[in-house]
Amino acid sequence: MIKEHCGVFGVKGENAVRYVYEGLKLLQHRGQESAGISFVENGRLKTVKGLGLVEEALGEGIDSNSNVGIGHVRYSTTGKTTLEEAQPLSNEVLAVAFNGTITNYFEFGNFSTDTEFILKFLNKDLEDGKSLVQTIKHFVDVADGAYSLLVLTRSGEIYSVRDPKGFRPLVLGRIGKSVVVSSEDSPIRQLGGKVIRDVYPGEVVVIKEGEVYSEVLARSEVSTCAFEYIYFSRADSVIDGISVYKARERLGEVLFERHPVDADIVVPVPDSSRPIAIGFSRRGGIPLEEALVRTLASKRSFIMPTNEKRNEVLEEKFGVVEEVINGKRVVLIDDSIVRGNTMKRLISLLRNAGAKEVHLRIGSPPIRYPCYMGIDFPRRSELVAYGKTEEDIARELEADSLGYLTVEEMIEAIGKNALCTACFTGKYPLKGKYQMERLEIAFRR
Ligand code: 5GP
Ligand code: MG
């Protein structure tokens with residue numbers, strides 16, 4: 001199934017394949033289940049991919065002097081990842097790699113994944129004699145959902161497309177004379193390059209030998225995934241002009257302003273909630289303590305297939321500094337609660353370490369609905385907040401108090417109105433004719 005986070009990275013220019021490989025490593029937080037790179041050699045498209053982290057999937061890299069390449073890292077939650085689902089997906093004419101989910105692909109025929117749909121759809125149009133830009137425009141007109149898409153042609157051009165709602169980020173840059181396109185800007189800067197700008201929602205940017213041009217194919221109301229700011233992107237990234245770190249700090253500031261609490265220390269759940277905790281601590285004048293230690297042995301609890309396994313992983317994920325916690329009233333800060341496993345575990349850890357009170361403050365609203373646009377939240381029955389009030393949730397988690405942001409507070413903190421908030425509100429910014437029941441069945445949520 002196609003529940004996935006992902007990262008994409010493309011380069012046109014010298015040492016392209018090496019840079020794609022390095023870029024994927026720097027996007028590893030966006031996907032850890034498989035990695036792959038497509039490039040062109042002797043006029044032919046080649047694709048190399050494997051399972052696991054970039055270094056596991058692709059070894060120390062690919063020896064190729066191709067001057068163009070696109071790559072992908074994938075993050076699925078099914079517990080079982082197959083090489084067939086790994087990207088890029090290619091045939092003799094095109095290779096495609098994308099971040100997101102096409103929510104209506106099943107209306108176009110019997111495809112095993114939405115990626116297969118994209119490849120076959122584009123290929124068919126090309127066979128019918130359209131140009132690739134026309135083809136992509138046709139795709140943008142009919143496809144619904146989220147996609148930051150890279151298409152590589154066998155003649156060595158990269159077409160980079162961001163869906164009209166701009167659900168997922170996509171950024172253009174330069175490294176030396178090479179042109180780069182990446183899910184986030186931070187890897188481009190880290191590789192010594194310069195960020196040019198975000199690809200605009202609804203835009204295709206064509207990267208050819210010695211030439212870059214773009215066309216806006218469709219206009220729409222933008223709704224960028226709020227979770228890119230809250231949790232998913234790297235804190236040193238900037239999405240559509242807004243620093244992820246700064247957004248998280250403000251989430252923490254607003255969280256204190258609207259949900260203040262009398263307490264002795266503020267403790268973040270490492271790593272993603274650190275900037276939120278910094279904002280909360282600073283605004284509240286409550287000292288920040290790094291009393292939870294994330295062990296290196298930790299695997300990714302979120303993606304384990306059963307709840308029993310997820311809890312086993314959580315056991316080895318965090319250590320606690322008892323000397324800091326003992327006798328204290330603690331504010332525990334996390335970016336989000338999904339199933340509630342992390343919070344249940346941490347609250348009992350803190351109480352066992354002698355915490356007098358444990359107050360939860362969460363840098364996002366309650367997640368009550370599944371996501372069909374590329375974030376891998378589970379079916380609603382598994383979401384701890386589904387159908388519950390905040391009081392119910394606090395009781396279930398055994399917290400002394402619980403404060404979430406409202407959607408309005410979150411929007412104020414991030415500083416952007418054009419956000420997708422479907423997982424909080426159940427209002428999906430999709431084109432509309434897809435009944436939610438159909439999506440639930442198709443995506444088994
Ligand atoms: P829970 O334990 O409640 O199921 O999940 C909440 C934790 O998972 C939080 O610490 C949050 O940082 C993290 N989280 C939130 N969304 C995602 C996601 O999409 N993938 C992964 N791996 N972790 C997530
Ligand atoms: Mg976390």
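Glycine residues also receive a Cβ, built from the backbone N, Cα and C atoms like all the rest.
Under DSSP, Cys6 (active site, nucleophile) is assigned to a strand (E or B) in the three-state scheme. For Cys6, the entry in TrEMBL reads active site, nucleophile.
Feature annotation from TrEMBL assigns domain 'Glutamine amidotransferase type-2' to 6-210. Averaged over the domain 'Glutamine amidotransferase type-2' (6-210), the predicted model reaches a pLDDT of 95.
The [4Fe-4S] cluster binding site feature in TrEMBL is assigned to Cys225, Cys371, Cys420, Cys423. Neighbour count (other Cβ atoms within 10 Å of the Cβ, all protein chains): 26 for Cys423 ([4Fe-4S] cluster binding site).
Listed in sequence order, Tyr231, Ala235, Asp335 are the same-chain residues at least 6 apart in sequence whose CB falls under 8 Å from the CB of Ser272 (Mg(2+) binding site). In the three-state DSSP scheme, Ser272 (Mg(2+) binding site) is classed as coil. Taken from TrEMBL, the feature Mg(2+) binding site applies to Ser272, Asp334, Asp335.
A Cα-Cα distance of 18 Å separates Asp334 (Mg(2+) binding site) from Cys225 ([4Fe-4S] cluster binding site). Within 8 Å of the centroid defined by the CB atoms of Cys225, Cys371, Cys420, Cys423, the record's [4Fe-4S] cluster site, lie the Cβ atoms of Phe167, Ala226, Phe227, Met373, Gly374, Ile375, Thr421, Ala422, excluding the listed residues themselves. Residues Ser272, taken from the recorded positions Cys6, Cys225, Ser272, Cys423, are distinguished by a CB atom under 6 angstroms from ligand 1.
The recorded positions near ligand 2, defined by a Cβ under 6 Å from one of its atoms, do not include any of Cys6, Cys225, Cys371, Cys420, Cys423.
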